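Below is one structure, written out as structure tokens; comments come after it.
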Amino acid sequence: MSLGKRVSNWFAERLGLDDLPFFKTPDYMFHANEWLGALVAASFIYTVISGLILLLYYNAAAGYQSTEAIINQVPYGSVVLYSHLYGSYAMIILAYVHMFRNYFVGAYKKPRELLWILGVLMLVLTLGASFLGYSLIGDALAVSAVDVGAGIVTSIPQLSFLIPIIFGNYDTGDYTRVLALHIILVALIGLLFVFHFFLAEHYGMMPSRKVKPKAPAVYTKEEWSKFNPWWPRNFVYMSSLVFMTWGFILAIPNALAYLNGLPQYFNPFMNPKPAPPPNSPAAAHITTYPPWFFLFLYKIADFTSDVVVFLMIGVIIPLIYLLIVPFLDRTDELHPLRRKVFSGIGILMITYLIQTSLWGDLAPGVQVSVKDQVIAYLVPAIIVALGLTFLNPMEQKVRPSSAISPMTSILFVVISLLFSGAVVQLIDYPSPLTFSIAMFLGSLFFLGARSMGSLVLNKNVSRSVPNRPVSEVNTSVMISNEKKKRLAEVIMSILFVLVVVIVAQMWTIPPTGYASNLFGVDLGLVFLMLGESISLYHYVVYKKPTEKEE
Amino acid sequence: MPLKVRIGNNEVRVLRSSDLYFVQKLLKAMRNPKTKFNSREFTTKGEEYLFNYVSKNVGGVDEGRRNFLKGIVIGVAAATVVGIIPGLRVLVPPVEQASGFPKSLLLDSSGNPLKASLIPVNSPIITLYEYPLTGEPNFLLNLGDKDGNPISISPIDVVVPQTGKTYKFPGGVGPHNSIVSYSAICQHLGCTPPYIHFYPPGNVSPSQLTAPEPDTLTAQALLAAKQANVPALIHCDCHGSTYDPYKGAAVLTGPTQRPLPTILLEYDSSTDYLYATGALGVATYPEGSDGIPSQDPTKDLDTSQYGSSVGDKTQVQANTNPFS
């Protein structure tokens, strides 16, 4: 036995890696949509780590100045700060995706009700912690956001006792309490996460509807003990996802930091930099907006002047609905089209959330008449209701084994266009900036091309699967897999070379100043490539010729 | 070399060398008593058992290839770690050591250079700017006589009562040589404005004896002003220390043992701009609890707990009027 093997065995034995009590994963579950929770957790962990680094420098008594000092003086401070911000953005978006995905597959049903409720509470805490974190910057936007938030609370006399509890001596520019609460909420998220995680491990991931069409959808102990143990396949797959999440969190905001002069309505989503301080003359010229994840609330505030009604529509009713949905939808049906009412509500919640957020972004603070409100919100409701009435579940869904969704192809087209634009820019104005943008988009293009390409190239194989006798299928699939695996090996070697080149470049980036954000872009790219090479490794080593859902 | 069979005109590929190698390996594993192939289980569970068996014991991928891939993954991971290393500099706090005093242009509250000739004489409004580090406030005063005409402030030797040593106060600057600047942190126990502030001539009067804090003058301070024939004062309400703004902020009454440090100003008569260029006298009073300030003003630059260097610009803020 080689030394490496002996060392890894030593650890495997000591850590009990072979019989961890974690859920064993069936082959068909190694796809990103079964691992959305892991993505949320990955961004949570990233945000906590970067936040602790920021805590070393942040001074709550001088919020804006210390934020500026972190950006301008601390080595790579802006890299950490911007990625901390976008780490929380990623966590919010992924938490929504995770929640709605589980909503539509009916994962809140027996026996996972508590798991669902804990998740909803964690979403609330995440939004709260993000709001407080956004306030800590102390710029004009943060102050206005806090003023709006505090204004909402004060306008209900019974609730105004909460103001000192939440903001402390905010009026005197003291963020000590805001910082403390920010950390406390994050700690609570961490605590709930432990419960959420172990409950999830206990019940296991939600099986495919083909396997368990009715609630309670859980694998019996006997069934799941046959699946892939956590170590090593689960671990390998998980680390590829974690690193890719971190890669995006690092690369995107640090690349965005080089964009300037965006139209106002892009600012809430695409500007990681702080606004001017509230007492500066420049603050008078900026349009204030809340953080994008509260844009929907900002717009609802334009609908009514009654704060209680506003809170009911914007916060309390949706929240209570999400908390009690496991007890409203008590059937054992899991198919979304067999739970049409709940699927409809889910679709409408997503539609309204996105619609209202964009509305708040484009027309902030513009009063909306009741008639316009009714039109804006009734139309999607009618479309959804009609659509659901005429849609019925297909009994035998014939799905190509690995189709690519229209969304993915559109995204791929957009990325290809961006990539070609970036290459033209690079040729016209060669600079580290254009180079890194082209590199970044190029790697996205490359990832896309890989997943699209494999599908296009093997089109006839997957199409002809149902017609062929089983044994023959296996050999052809095996051969095509073998080709793909060879390709994967070549890609991994290329990635290795690229990583080494980028890492060498990273050592030359100055720790502060204009160029320092390139470090974040590069580190993000390196993490993406690390994640991708682990994912390819997983593909080559663990992927079985056929991974069925039975 | 692939194994080929000729059937009619077509050459059919039967096995590739790698396949042959794979079969050989599989058979070896099946015969091995440790990993014996269980044919009974195979008949009950079918191909799933076969696939699991193959991936477990032959791995689908042969050992050399797997090691090669592992090597690449470990290589990429190692390179990532190497890439993170320079990033660890984020843990090293930036050194807040100004090697010398910066030359900082004074700006007004809207960010334009401050015009020295526009500074009001004997203004009761507390006018402050940070220098040489952020968090270190200094008064900016345009001194005048009782009637509000600017007075030329002449150089004078200032005594530090604590040590008996003296230093040379260079006098006022500006169009009338009437502009001076002192640290706004009391040398007694470190009180800051509005507790310590400038009392213009109109407010150095017995009526201040009963004025509410932070505008109370002590009888001692009034007496000292009268004896020294000083029309205006810098007075700290915390414990009653009084300084003479006309004579380099020298100590008029205790409990302070040290004069306020002077900030050196430079006046550019062609542009009417003011620059802060250094400090004189004792060091700025430290805000922390580590006691007595050093008497060397440059010491302040590397041990101060206030913040970072203000750089080549610093903003003058005139917000608070304690007498209104």
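Positions of Cβ are set from backbone N, Cα and C atoms, glycine also.
What TrEMBL says about a protein is an automatic prediction, not a curated fact.
Annotated features in TrEMBL:
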DOMAIN    A:1-50  domain 'PLAT'
DOMAIN    A:7-209  domain 'Cytochrome b/b6 N-terminal region profile'
TRANSMEM  A:35-58  transmembrane segment
TRANSMEM  A:79-99  transmembrane segment
TRANSMEM  A:114-136  transmembrane segment
TRANSMEM  A:148-167  transmembrane segment
TRANSMEM  A:179-200  transmembrane segment
TRANSMEM  A:235-259  transmembrane segment
TRANSMEM  A:341-362  transmembrane segment
TRANSMEM  A:374-391  transmembrane segment
TRANSMEM  A:403-427  transmembrane segment
TRANSMEM  A:433-453  transmembrane segment
TRANSMEM  A:487-507  transmembrane segment
TRANSMEM  A:519-540  transmembrane segment
Feature contact check the transmembrane segment (A:487-507) with the transmembrane segment (A:179-200), CB under 8 Å, 3 or more pairs: no
Secondary structure content, the domain 'PLAT' (A:1-50) (per DSSP, counts of residues): 36 helix, 1 strand, 13 coil
Distal contacts, the transmembrane segment (A:35-58) - CB-CB under 8 A, six or more residues away: 66-67, 69-70, 74, 77, 80-81, 83-84, 87-88, 90-91, 94-95, 97-98, 101-102, 133, 136, 179, 183, 186, 189-190, 193, 197, 200, 237-238, 241-242, 245-246, 249
Among A:79-99, A:148-167, A:235-259, A:433-453, A:519-540, stretch most in contact with the transmembrane segment (A:403-427) (C-beta, under 8 angstroms): A:433-453
Considering the transmembrane segment (A:114-136), which listed stretch of A:79-99, A:433-453, A:519-540 counts the most C-beta pairs under 8 Å: A:79-99
Within-chain partners of the transmembrane segment (A:433-453) [C-beta distance under 8 Å, separation at least 6 from its ends]: 251, 255, 258, 404, 408-409, 411-412, 415-416, 418-419, 422-423, 425-426, 491, 502, 518, 521-522, 524-525, 528-529, 532
Cβ pairs under 8 Å between the transmembrane segment (A:79-99) and the transmembrane segment (A:487-507), at least three: no
Sequence-remote partners of the transmembrane segment (A:487-507) [C-beta within less than 8 Å, at least six residues beyond its ends]: 439, 450, 454, 519, 522-523, 525-526, 529-530, 532-533, 536-537, 539-540
Residues of the parent chain within Cβ reach of the transmembrane segment (A:235-259), under 8 Å, 6 or more residues beyond its termini: 30, 32, 35, 38-39, 42-43, 45-46, 78-79, 82-83, 85-87, 90, 94, 270-273, 433, 436-437, 440, 517-521, 523-532, 534-535, 537-538, 541-542
